[in-house]
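First comes the structure, then the notes that go with it.
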Amino acid sequence: MTTAFPSQVRQNYHQDSEAAINRQINLELHASYVYLSMSFYFDRDDVALKNFAKYFLHQSHEEREHAEKLMKLQNQRGGRIFLQDIKKPDQDDWENGLKAMECALHLEKNVNESLLELHKLATDKNDPHLCDFLETHYLNEQVKAIKELGDHVTNLRRMGAPESGMAEYLFDKHTLGECDES
């Protein structure tokens with residue numbers, strides 16, 4: 001058994017920020033888990049919307065990378081990583097593309113709200129490094145993700161989803177399929 005030594009690099013890093021980073025890591029991993037569930041739902045033979053599956057798998061990987069980036073920050077700042085149980089997705093059956101996109105939009109808004117609270121904490125604790133880190137790597141990306149998902153929800157509704165299965169098929173093929181090509 002090794003004894004943990006106090007950090008030699010910790011400077012201007014409040015314990016509340018350290019704890020909040022650990023909570024954010026958990027939330028990012030939860031988001032990754034939800035997107036992974038969505039991806040493999042759309043990959044099922046009775047759903048067969050391969051571009052929805054690819055889209056959500058990409059989102060899952062992105063959320064995991066966000067968690068890893070926060071873990072790296074925690075180590076760089078002299079904090080300690082304390083992983084917690086990852087909450088399972090609220091559902092296993094995502095019903096249709098519109099419902100999944102609506103759930104994803106809600107999820108991203110929750111992640112964004114948590115990041116904004118973390119930024120406020122960093123500001124209150126006079127931690128410009130953490131503020132800059134969040135602004136550089138997370139906040140703008142969240143706004144873009146929320147806008148993209150909002151657009152997807154709008155377009156699916158405009159096309160007649162979920163009542164029209166053809167709408168989902170065309171959205172999968174043309175909208176999400178185009179994302180894959182670029």
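Cβ coordinates come from backbone N, Cα and C, glycine included.
As written in Swiss-Prot, here are the features:
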- Met1: N-acetylmethionine (MOD_RES)
- Thr2: N-acetylthreonine (MOD_RES)
- 11-160: domain 'Ferritin-like diiron' (DOMAIN)
- Glu28, Glu63, His66: Fe cation 1 binding site (BINDING)
- Glu63, Glu108, Gln142: Fe cation 2 binding site (BINDING)
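Glu28 (Fe cation 1 binding site) sits 10 Å from Glu108 (Fe cation 2 binding site), taking the CA atoms of both as reference points.
For the pair Gln142 (Fe cation 2 binding site) and Glu63 (Fe cation 1 binding site), the C-alpha distance works out to 11 angstrom. Between the CA atoms of Glu108 (Fe cation 2 binding site) and Glu63 (Fe cation 1 binding site) there is a gap of 10 Å, rounded to the nearest whole number.
Note on the domain 'Ferritin-like diiron' (11-160): DSSP counts are 114 helix, 0 strand, 36 coil. Sequence-ordered, the extra residues of this chain that approach the Fe cation 2 site, with Cβ no more than 8 Å from the Cβ center of Glu63, Glu108, Gln142, are Ala31, Gln59, Glu62, His66, Leu107, Val111, Asn112, Glu141, Ala145, Ile146. When pLDDT values are averaged over the domain 'Ferritin-like diiron' (11-160), the model yields 98.
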